[in-house]
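Copied from TrEMBL, the annotated features are:
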- Asp67: active site (ACT_SITE)
- Asp260: active site (ACT_SITE)
- 50-386: domain 'Peptidase A1' (DOMAIN)
- Asn323: N-linked glycosylation site (CARBOHYD)
- 424-449: transmembrane segment (TRANSMEM)
Amino acid sequence: PCCYLLLCVSTSCHAAEVNQPGYLSQMGKGGISFCLLEKNFNDFVCLVGYENHLSFFLFWQLNILVDTGSSNFAVAGVPDPDVTSYFNTALSSTYKSQGIDVTVKYSQGSWTGVLGTDVITIPKGIYGSYTINIATILESENFFLPGVKWHGILGLAYNALAKPSSSVETFFDSLVRQAKIPNVFSLQMCGAGLPVSGSGTNGGSLVLGGIEPSLYKGDIWYTPIKEEWYYQVEILRLEVGGQNLELDCREYNADKAIVDSGTTLLRLPQKVFTAVVQAIARTSLIQEFSSGFWTGSQLACWDKTERPWSLFPKLSIYLRDENSSRSFRISVLPQLYIQPILGIGENLQCYRFGISSSTNALVIGATVMEGFYVIFDRAQRRVGFAVSPCAEVDGSPVSEIEGPFTTADVASNCVSSISFHEPVLWIASYALMSLCGIILLVLIILLLIPPRCQHRYTDNDVVNDESSLVRHRWK
């Protein structure tokens, strides 16, 4: 199908026709562009993406974080000290509040707001008017941060993660259902080797409903989606400088391994993180290095004339192929995980470590995703990786994909067979709390019963280990 490249200048848009598959939100120097127009043609909305951000113009600009690790679409609904603009629902004639409170917690930060709906019209490409769920953020904690120029979040994960329940239809599900577009989107995040500024203006592209050939080089390698909540995949092996870490593959997937554009760093389970740091320190050409650099509490600085990337090794992640007997590896060079920081000193250039430890997941975040064009093929339950043309520093590529490799020396399943999704955990928690409440109530009643009414056990009374409480206990 034909789509339209919509370029945004200030708060106005104009369209240029392009004959490419999919529905492309393509970048100019500052970012992508994807225009939405309200049904009554009075409330004008335009999306412009920067790296992993989109921007909405609703009389003013709202930058929206594109997050494949959550499922709610939410924007600031009231003024905030760290927010320059917000969505005033009173100015939208098509906005309807559902009066449902919603709270979403992330690995860092949280927000509370009210769920509502609004009608949008996309004038070109995915033409038509569509009703979408949108939450207005009324309170937040460590969500809107100083210097981070975004005003909301667009969650693109599955509805299983939607709050307050999975019955809330996600933004992309609404487009797939109403616009009849393919259940596929893809993301290119650029910024390899560029200073981390926090403004998110390094460029990128979001394709809704297809794949854009100009955004990748070589072949696309696909790995199956193990569970449809996060984009959970299966990691088989990690290598540092070509050397296998020799860990049990289940360590890489404890308790899940996901692809998440909303996470800045590559996050590794503690045991894996320790092994990676030791391997990098052992393999690098630096004899002594401060432990604070690896933990993220300190920066490492060199003279601006020096390029320290040559001192560090390549990092490779092996993913299971669609053919389970094969795997492929995605590799990032040090230019992606030794990241320059903007504005530190006149003669020095300082860098941070783009990898951190995690307590509950291996997260392939922006540190890795900036090297690749990533396809979220929900229709076929798979995530694809291809080398991104923008993943270059000084004209040389900083990411690689190679394969296939045999999985004969790897377990047939590296993902735990017991996988509790967050909604299931909530149900279990409420069930246990209810059970505790009932038991407490029974105990109180027994204490209030006069002694003469209490039952005296006889030889006919039996305590059976096969009681329902025992048989249905959590194992």
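Numbers here mean position along the shown chain, with the first residue as 1.
Here the Cβ of each residue, glycine as well, is placed from N, Cα and C on the backbone.
Asn323 (N-linked glycosylation site) and Asp260 (active site) have their C-alpha atoms 23 Å apart, to the nearest angstrom.
A simple way to gauge crowding: the CB of the residue listed as 'N-linked glycosylation site' has 11 other CB atoms within 10 angstroms, across all the protein chains here.
Here the CA atom of Asp260 (active site) lies 7 Å from the CA atom of Asp67 (active site). For Asp260 (active site), the Cβ neighbour count at a 10 Å cut-off comes to 21, with all displayed protein chains included.
The predicted model assigns the domain 'Peptidase A1' (50-386) a mean pLDDT of 89. Around the Cβ of Asp67 (active site), a 10 Å sphere holds 20 further Cβ atoms from the protein chains shown.
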